[in-house]
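Report on the structure given below.
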Amino acid sequence: MKLVPSVQQLETEMTAWRRHLHANPELGFEEFETACFVADKLRSWGIETTEGVGRTGVVGTLRGRLGTGRSLGIRADMDALPMTEARPLPHASRIPGKMHGCGHDGHTTMLLGAASALARSPDFAGTVHFIFQPAEEGRGGAVAMLNEGLFERFPCDEVYALHNSERPLGEIAVHRGTVAAAADRFEIVVHGRGSHAAMPHLAINPLPSAARILLAIEALPGRLTDVHSPAIVTVGSLRAGEAFNTIPDTAFLTGTVRTFDHKVQMTLETAIRRIAKNEAEAFGASVDIRYESPFAPTINTPAQADAMIAIASEVMGPERLVVDPPPEMGSEDFCYMLQQRPGCYFLLGQADDSHQAAAHDTNYDFNDAILPIGASLWVRLVERRLSAGGAS
Ligand SMILES: [Zn+2]
Ligand SMILES: [Zn+2]
């Protein structure tokens, strides 16, 4: 392991920042204190800082001392999740119902660590933009930044991001193509007509329709879609009725669709709409469907993935590197930055004996042991991709 010495010196400080952020979580587009914390730190190191990009986003811009050249964007997410932390850690969330359950406190800290080290020794040619993004967890923070001209105001030839993962501590997984799935979400409301359960002929019972919709749509992957293109349809909630002897007016289903291929994604959306409508109408009910696609598939470009592979292998050694594992069924809104710029999103393992819980688990905590690893990867990425002789 060859960590960057100036980053290693920051380990105690970075751990304190990370725990401060962990104790004070803020949800998407409400990262006011977090953005202030980030902006104050960047300014204190003499980094040009722009706040309010995509509402609560922050961008720090640093130019290398080896001359002009290309430009890189490195993105960290800042938002927490609406859940309550289970464990009474000394740095546990102070706010019930909010928790850094996905490690974005750690991502923010690693990028701050890299910014601090690079500001002291900007041994590169060109420009790096440190992109602190709000609202990654389904609230559209990446798109908000892009819509406010992120890449016009802060031109980036390439973009990079990382996510902690339940892989062993220090293991790095890089995909040279698709990393993460598209995630759609749907809500189906079946409108019927209630009545006494003993007089069903007077009712239009929405429950059997909802049940048929559930069974039909969950069976779609591998039937209507090619079994070689992975897809998942999961109904996560089904609600209807309150009493054993009453037929309710309405039934609700909500769920998610995960895919890697846009065509498969479209096929499933069309089929879900068609099945819901037809199943309901077959018995005289009607449906309202809300279908949203907040996350596209996350797809790396090969040249930038190869660059990340070289840097990961330099910093962590080739034995810690996993190239092209199966893509994740989870999703990531960095996908929208990758739609506009070449780049790479990779995974950094953090699991050890005291960090077994996966992200979004109420027992989860980011592992501070990977702070110097992530920050070192970012420093070396900037130095190598913006070397004075051009990208290596
Ligand atoms: Zn998450
Ligand atoms: Zn996350």
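We count from 1, first residue shown onward.
Backbone N, Cα and C define each Cβ position, glycine as well.
Those TrEMBL annotations? Automatic predictions, nothing curated.
According to TrEMBL, the feature Mn(2+) binding site maps to CYS102, HIS104, GLU137, HIS163, HIS360. Here TrEMBL flags 185-281 as domain 'Peptidase M20 dimerisation'.
On the structure: features taken from TrEMBL.
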{"residue": "CYS102", "record": "Mn(2+) binding site", "DSSP class": "coil"}
{"residue": "GLU137", "record": "Mn(2+) binding site", "DSSP class": "coil"}
{"residue": "HIS163", "record": "Mn(2+) binding site", "DSSP class": "strand"}
{"residue": "HIS360", "record": "Mn(2+) binding site", "DSSP class": "coil"}
Query = Which residues, in sequence order, are found in the same chain with Cβ within 8 Å of the centroid defined by the Cβ atoms of CYS102, HIS104, GLU137, HIS163, HIS360 at the Mn(2+) site, excluding those residues themselves?
reply = ASP77, ASP79, LEU81, GLY101, GLY103, GLU136, ALA359
Key: Where the C-beta lies under 6 angstroms from ligand 2, the matching binding-site residues among CYS102, GLU137, HIS360   = CYS102
Remark   = Cβ contacts within 10 Å for HIS163 (Mn(2+) binding site), all chains included, total 27
Ask   = Checking the binding-site residues CYS102, HIS104, GLU137, HIS163: which ones have Cβ within under 6 Å of ligand 1?
value = CYS102, GLU137
Inquiry  = Give me the long-range Cβ neighbours of CYS102 (Mn(2+) binding site): same chain, 6+ apart, Cβ under 8 Å, in sequence order.
reply    = ALA80, LEU81, GLU136, GLU137, ALA359, HIS360, TYR364
Task = Tell me the Cβ neighbour count for HIS104 (Mn(2+) binding site), meaning other Cβ atoms within 10 Å of its Cβ, over all protein chains shown.
result = 29
